[in-house]
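Written below as structure tokens is the structure these notes are about.
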Amino acid sequence: MNLKIISTTVTRFGSYYKCVPVAPGFQAEVPKWTGVPSESDSKWLGTKIWPPPVMPGIRFLIERERVGKGRQDQCGCPLQGSIDCVRFHVAERRKRLKLELGSTFQDWKFDQMGEEVAQTWTEEDQKKFSAIVGPNPLSIEKCFWSGIYKSFPRKSREELVSYYFNVFLLKRRRHQNRFAPNDINSDDDD
Amino acid sequence: MDTGGGNSLPSGPDGVKRKVSYFYDPEVGNYYYGQGHPMKPHRIRMTHALLAHYGLLQHMHVLKPFPARERDLCRFHADDYIAFLRGITPETQQDQLRQLKRFNVGEDCPVFDGLYSFCQTYAGGSVGGAVKLNHQISDIAVNWAGGLHHAKKCEASGFCYVNDIVLAILELLKQHEKIAALFRLFWLLLFLIIAVPKSYHSLCLEIIFPARDIRDIGYGKGKYYSLNVPLDDGIDDESYHFLFKPIIGKVMEIFRPGAVVLQCGADSLSGDRLGCFNLSIKGHAECVRYMRSFNVPLLLLGGGGYTIRNVARCWCYETGVALGLEIDDKMPQHEYYEYFGPDYTLHVAPSNMENKNSRQLLEEIRAKLLENLSRLRHAPSVQFQERPPDTKIPEADEDQDNADERWDPDSEMEIDDERKPAPNRARGDIIESKPEDLDNQKQNKSSHTAVEEAANLKASEKQPEPTIKVEEESTGKPSDQPVQMYT
């Protein structure tokens, strides 16, 4: 039986794949083991970000929560689990994290995560973005990114992608969670 | 399980705690494969946010990876391929159609903004992790951006451009004589024991990263054992561990690797966009827990995983397992909280999909693998032998010929493109031939043959068989029918 195999195709068109022919080209050269370990270049250790260097005179004064702690069962919000409740607690937790991490909060770009990203976007731009992506981003016929790039010439591609994942998709999920909880989807979306 | 392999970790062999290093590049979340593509680096950012809000990051050494440079990547990859990756951009790709085709870039492995930087960073994290382990600074090193093991020497493949696992293994081999690598693909468990023999001038080690066909395992001068554990759709936690634990346990006991690389592809989770398994997060993480218990330096890498909320859940939980810390199921509110609704929990129940792996089949596979492993164990010494090619049924005298060539590092095996299936290899076999002396080759072959004969009978059939599966097709995915995507 011949195993002749054919090339792959991306799943946007369905859940098809065909195998790629395995070609020669897996060979890696490994030097002889002499029994004496050879040195690894310490550049590979990267840049240490956490724990931060101890700076004399500066102390982080924050009571740490138990490691692995999740959210409270109950909160004092008038409508627990509502959009406002979630927003309030997210903001609260981010404040706490910022205190805990200090400048590492920015190093890790937490200031560019989540709805925070929308702060540099006008209401109008946000509406325009949503309109271009369309009500059904699942539609595979429509490539919305070319439209997005054209409509926002002053925003970098990175900004646009960031907005997409941090704000647009988040809003969509928020809506699904409350109005279509049996139809949640953040992955077949684009 | 204590293998007593003499690899006590810095934290102490019996310590619950481990020193964990975690590599993260804050830019990683913005790399974007493009509209419609299932691979989303954003999942790594989601994981990072969860780790921070659960308080786990604060318990690790967190490092920004050193970006691998061209010459670092060329430790494995071809110069012209890396030069291509370095130069190609979405704007210039139209002028490079031939190159795109040559290097298999453009479709599954699209050109996107920052592609080369992405490669540099995810490779840097994996090699960095290996060095952390080599320097004995950490017991466990984590790089969720890595694990992209399909990349070949001269081309991209399966969403992977550079093979960070190969690079990490090469780094680990500087320190350790033997490495075990375990790949949790969504349809296969693959173990690779890579060992560097002592008495060789140079060695071309062939490292195997199967795309889809376990028989295309390659061969050559590489000294390694590979072990393939075939799995069918719908495998659940219990079935998975039924195979995983005893087999790994035995592998670890026999080979005693100096370090372990564990690729933690999350497309084996229930509900994955492309995968078709039914593992829970706890079930998936149990493998991490188990590998950790061997007290051997452990490199945890990412991999597949296309339902990104579940990937983030899984890798967050598995980081906790690496640290020896349990985390609450009720997720704390955080930047990506809404991705995890409507329940906002860490754990998600598996579905009620049918588990196509019958108990009987699993028992057969397990028994066979353990038996083969036992035979290795009782060998007086584990000698490294030329492994006959998988592309055709080895004839009795072929191994004799191979034996003569065995110590010649300069000769190269050719790979037959017209591959035939290897019906002599029942799935679940240890592919390495027994390390007995040559005189017994024929004898050994006949002892394999009995089992393989039964397998041979199945070889010509396309439909799945209820007994030990022989070939790819019998997983229920005949090659000419639509199947789920790969890791």
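Glycine too: its Cβ is placed from the backbone N, Cα and C atoms.
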**Request:** Return the residue out of B:D108, B:D113, B:D343 that TrEMBL annotates for the same substrate site as B:G158, B:Y306.
**Result:** B:D108
**Prompt:** Where B:H150 (active site, proton acceptor) and B:D267 (divalent metal cation binding site) are concerned, what is their Cα separation in Å, rounded?
**Reply:** 15
**Asked** What are the helix, strand and coil residue counts for the domain 'Histone deacetylase' (B:37-180) according to DSSP?
**Response** 67 helix, 13 strand, 64 coil
**Asked** How many other Cβ atoms are found within 10 Å of the Cβ atom of B:H150 (active site, proton acceptor), counting all protein chains shown?
**Response** 25
